[in-house]
Amino acid sequence: MTDASSLPLYPHRHLLGISDLSPADIELLLDRADRAVAISRQSEKKTSTLRGRTQINLFYEASTRTQSSFELAGKRLGADVMNMSVASSSVKKGETLIDTAMTLNAMRPDILIIRHQSAGAAALLAQKVGCSVVNAGDGAHEHPTQALLDALTIRRAKGPLSKLIVAICGDILHSRVARSNIMLLNALGAQVRVVAPSTLLPSGIEKMGVIVTRSMAEGLKDADVVMMLRLQRERMEGAFVPSVREYFRYFGLDAEKLKAAKGDALVMHPGPMNRGVEIASEIADGPQSVIQEQVEMGVAVRMAVMEALLDPRRNQEGRKQEGRGA
């Protein structure tokens, strides 16, 4: 990526969670992503930054945005990209994650992107392979690149995140996006509010440094950013809400509820959206929505992450240390 060598060396080998990052790490990735946005907006979008490098996308859960975003990011950086279809792989025959990891490791990839239904899967994979690992979502635990792309979207529209009021509304309980965003926003000095019915709030959520409310009017009051989350019914067992209609009435974002936020508040959604459940179409498609911008920033952030993890200066530093130890 153009002039990336002028930026500090990213200090981590993997991206497993926002919890592993310092504010400086986050800002460094966002700065790199800003450069990637410029590349993505050129007529010639492909660079040779990762030419000769191999990227494997290993998705155990269905994904449209994240998988295609990682694939496009890798190709724009010049990497050789392989998408592994779990549905037609040995996983369906009973192969464990560790066995799959060892098989892929023998192919000598440079970076593995994994999405898995179990929390901690990416961290386990990182212990078993010799390449960099990026967590593309592990159960309800973390989704670090989503939080980074959300932060980039906000920063480009609002400037520094410090002191901004961000309301995260919806299914907090099952959301890895909420967890990663809360950690990132707190790290950069934003005030975070979470808005949800009691049944969709994790116990002890207050310990994450957020303001908790069960009222949209209260949660959205003077907010700079309103981030809506979908009901993750595929992760629910039992009745968490009385009905979709009842949920939208109290917690769905419509024009009337949005009036409580600042007039220039950003409306965000990680996708996929359930229109008429957590957000009205008039808001999703309205002038305050930056949902499509989030998709664009997703490619840029994933380009930045992979470039940072595979920075050739890391190998140079390793060789220097080996030389000193000899």
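Using N, Cα and C of the backbone, Cβ positions are placed for all residues, glycine too.
Per Swiss-Prot, the candidate among Arg35, Arg115, Arg245 that belongs to the carbamoyl phosphate site alongside Arg65, Thr66, His143, Gln146, Gly271, Pro272 is Arg115. Under the DSSP three-state reduction, His143 (carbamoyl phosphate binding site) is assigned to coil, being neither helix nor strand. Arg176 (L-aspartate binding site) and Arg65 (carbamoyl phosphate binding site) are 15 Å apart (CA-CA, integer value).
The binding-site residues near Arg230 (L-aspartate binding site), taking a 10 angstroms Cα-Cα threshold over the set Thr66, His143, Gln146, Gly271, Pro272, are Gly271, Pro272.
If you take the Cα of Arg115 (carbamoyl phosphate binding site) and the Cα of Arg176 (L-aspartate binding site), they are about 12 angstrom apart, rounded to a whole number. Within the same chain, the residues at least 6 positions away from Gln146 (carbamoyl phosphate binding site) whose Cβ sits under 8 Å from its Cβ are Thr66, Gly137, Arg176, Val177, Ser180, Asn181, Pro270, Gly298, listed in sequence order. The carbamoyl phosphate site in the record is lined by Arg65, Thr66, Arg115, His143, Gln146, Gly271, Pro272, and its two most distant CA atoms lie 16 Å apart.
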